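Peer 1: Right, I'll just put the structure down here and ask away after.
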């Protein structure tokens, strides 16, 4: 019976501990407003001066707004266990770092706003777990890199992706191509210089694509653009229309953009940046016939090259055209040469063979191609045995040449034959363009009058040397048919082309027509065997004169030291004077007569100790009187 009262006392406590009752809501963070009375729960902390995500968040919240604060990082534990969160706003903070897996528990999240922060990169693990994300806003950050797998978890659900106002030079285009449900893609105000062909071909639901203010010079045709009509303004456009914005890019208006010019547009502000004839003109006002390309022209290629087996070899090929041609190489066996363990192909047209073998010899073909055509050139490579060793101390000099070494003189027979051989394998040379005289640093170019071409405004000379890729231009008046090229480098091969710039009577536009090309070589700088140059003599004379002066000073110092020692350590002219004598003690035998001469010395004998008495008196000279 004693148990019954105890049970009656415990009955009021039972409902409080029942699992069916809802848990006590967490306290609302300081400076925040919380909506917990009705579903969905929300925590609103905009502009609250927060330095980090509040730890006392209600984990049941469906909406969390932390915009306009000073949050610098999102840690793994900040948003843990918030499985019901649908909307998260972290806009306009100072976020620099997002921990890997920071959003891993937000599997129900649909909208994530990270715009207006300081993110510099987005890795593969930072957005992990967002399997239901539809809106991702990353604009106004400092993003310079986007990992290829950063959007893998939300690739099938993402509908809105905003990457505008960042520092992106490259994008994972393959990953973007997997966003099959994306409706809006914002790539404007970045540093994108190119878009690969077919990058948007699988974005079937794309309705708006913004690529405004990038560095795009061309936009490749895409199947998506050909299927849907293009309208510049979304207002009044049909449901299936694609809104494409690409203004503010330095468009190069050539034949590669004809497909875009043919599409129907309402209005936009795109303009051409190049070529110079179309620069600054409204894109949609340029006629289709003005979108032209120029076929490639090979301006430089390596002369016949001979290397010993086992040594590296570099084959060079340069070409110009509009658009810039792409250079490829074909081996003597007819195979396309690419990057491998023995060869490297560079975008500038250089093919480097790291280690040559006897089987590498033959004719290599350089193929330069662009949208307007292609051009080829052959380069001969000979692989032979190593050359005989040369003496390291051997010296040689070239015989002097009459006159100035840089004067224009006809080439020698050897150089003429070498130039003729190079011309046979070089680019086609027009007989109308001739380099009649060339020395070590100058060459005279001549071409005939181009009467068949009406309305010539000027001539243009293009040339470059075998040692660099810089193409030099010279504009010549229309009434001139020769030009002296100066400031050339000695011992180099130059490829030169002359073009006529004229006004096309049919279209009224400026056009160019090649007059011809030529190849020539400047003579090497000679080392004369005569007397050394004046600067050399002047330096030698200065050194010799300085040596003479130094030697004279040393001799003078030596003489002074010797004289100083001879005079007993006193300067010359100041010899030591004899000390004054006050008295002299003389030994006498009782008389003051003249002192007899001393006897001859006798052999020394032992002396006994004797006492000698001295009579001393003041000394007087003999010529003075002794009395008054």
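Numbers here mean position along the shown chain, with the first residue as 1.
Glycine residues also receive a Cβ, built from the backbone N, Cα and C atoms like all the rest.
Since this is a predicted model, take the numbers as computed values, not measurements.
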Peer 1: For the region 'Disordered' entry in Swiss-Prot, name the matching range from 274-326, 327-379, 380-432.
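Peer 2: That would be 380-432, the stretch labelled region 'Disordered' in Swiss-Prot.
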Peer 1: From the ranges 499-519, 520-540, 541-561, grab the one Swiss-Prot calls transmembrane segment.
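Peer 2: Result: 541-561 is the stretch Swiss-Prot calls transmembrane segment.
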Peer 1: Far apart in sequence but close in space: which same-chain residues, 6 or more away, have a Cβ under 8 Å from residue 317 (disulfide bond)?
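Peer 2: Expected: 298, 300, 301, 302, 327, 329, 349, 350, 351, 366, 368, 377, 379.
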Peer 1: Count the Cβ atoms, other than its own, that fall within 10 Å of the Cβ of residue 366 (disulfide bond), considering every protein chain shown.
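Peer 2: The answer is 23 other Cβ atoms.
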Peer 1: Per DSSP, how many helix, strand and coil residues does the repeat 'LRR 6' (205-226) have?
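Peer 2: DSSP composition of the repeat 'LRR 6' (205-226): 4 helix, 3 strand, 15 coil.
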